Amino acid sequence: MTAPPDDCLARNEWICGAYLSTRRQILFDAVVQHLQLTLLSVLIALVVALPLAVLARRWGWAAGPVLAVTTVLYTIPSLAMFSLLLPLYGLSAALVVAGLVLYSLTLLVRNILAGLRAVPEETRQAARGLGYGPVRLLLTVELPLALPAAMAGLRIATVSAVSLVTVGAIVGFGGLGNLIYAGMNTYFKAQVLTASVLCVLIAFAADLLLLGVQRLLTPWTRAART
Amino acid sequence: MSTLAASWDWLTDPAHWSGDDGIRHRLLQHLLLTVVCLLLSCLIALPVALVLGHLGKGGALAVNLSNVGRAVPTFAVLVLLLLTPVGRWGEGPTVVALVLFAVPPLLTNAYVGMREVDRGVVQAARGMGMTGRQLLFRVELPLALPLLLNGVRIAAVQLVATATIAALAGGGGLGRIITAGFNLASTPMVVAGALLVAVFALLVEGVFEVAERLVPRWARGGR
């Protein structure tokens, strides 16, 4: 009988270089799945949230119900949300995406609506006086001015989505959450710590990326501050 | 919707309400975890936030803590704690994780509330000869109360959600019904557990909604 190898994997250490080199492919796949789930759900939420917020802005009576429904959705804990969608989607990636869309939707609608509401009435009237129609007013005046608030919502939604994807491990589609879940059952410390750290890194990277995009899209806010 | 009917049957079956895995016990566990951890995190976060807000120091820390809290996955923290020595004392990892995730919203909201008190009011109070302590408790705290309470509400909702996820890492509470349902591949049980959690979370939110409408009235009437 050969002696068991005495490396950090065998000793089950938290930080383990051998884990990184031997499980590179598994980690890469998990990161890719994590990014796909996050990106897909935030994009769908954005596409749904924008018209909802614009409609809620246009018709005042719609704002109350829209905000109430999104608040209720946001209050439901993530694990329960995924479970409630189980009869509709089964054990699939679509279930995780659907749950994440519902959460991101709340944050995006609230923030875009707040941004649209913050557009000064004088600005709107000035644009109307210049002969802007409702569509042109929305696209070239209101939406650009609502952009900082909308981007703040998008950043929060994205960071939350990155963190919530891990709960998708309950149905087997949790990106890095899958590794954490598997690591928990086998007491595999290096795997749990590595996956957790990667998850936080993805969240911070996404936040910084969106911050950069926001700076590029709204050069006037920088000029005003200096 | 046959699944909903099956879930309803599961929920109304008296056999599922009793015992250690029963709904009643899980509900109590969930409530106890939420209340105890909310009190613990208030005891930790509020004094720190009030003092920092009063002194006007540590603003960057108080505000950024919330952002960091959002980026760190609850589930990852729960599992990491489970694998450390904390994991050996029963509900230890759950309690620590719950408190860790409830502190940031409490701290940030209370701090921002304290800083948003009108500086003119604070200066007027100083001019009337109020000491720092009087200023804190008689002027700043009452004025910061709405935002502070909003932080408590966000923390409570966060606690209910975190306590649910704790079931994935072996913690008690209503989430256990969901994870048990997944292990038994019983969709009705999963959905029943999820309904219980959702109703519980909405009730907690509702309690705060009502409390928020009542509190400013006596706060104003008292002065």
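Note: Cβ is positioned from N, Cα and C throughout, glycine not excepted.
Residues or ranges marked as domain 'ABC transmembrane type-1' in TrEMBL: A:31-210.
Residues 62, 66, 93, 96-98, 100-101, 103-105, 108-109, 112-113, 116, 138, 154, 157-158, 161-162, 165, 168, 173, 175, 202, 206 of the same chain lie 6+ residues outside the transmembrane segment (A:37-55) yet bring a C-beta within less than 8 angstroms of a C-beta in it. Summarising the annotation, TrEMBL assigns transmembrane segment to A:37-55 (among others).
Counting same-chain residues at least six beyond the ends of the transmembrane segment (A:62-82), those with a Cβ under 8 angstroms from any Cβ of the stretch are 52, 55-56, 95-96, 99, 102-103, 105-107, 109-110, 113, 164, 167-168, 170-171. What TrEMBL lists as transmembrane segment is A:62-82 (among others).
When Cβ-Cβ distances below 8 Å are used as the criterion, the transmembrane segment (A:88-109) is approached by residues 37-38, 40-42, 44-46, 48-50, 52-53, 56, 66-67, 70-71, 73-74, 78, 81-82, 150, 153-154, 156-158, 160-161, 164-165, 168, 171-174 of the same chain, each at least six residues removed from its ends. What TrEMBL lists as transmembrane segment is A:88-109 (among others).
Among the features that TrEMBL reports, transmembrane segment is placed at A:156-180 (among others).
Positions annotated as transmembrane segment by TrEMBL: A:192-213 (among others).
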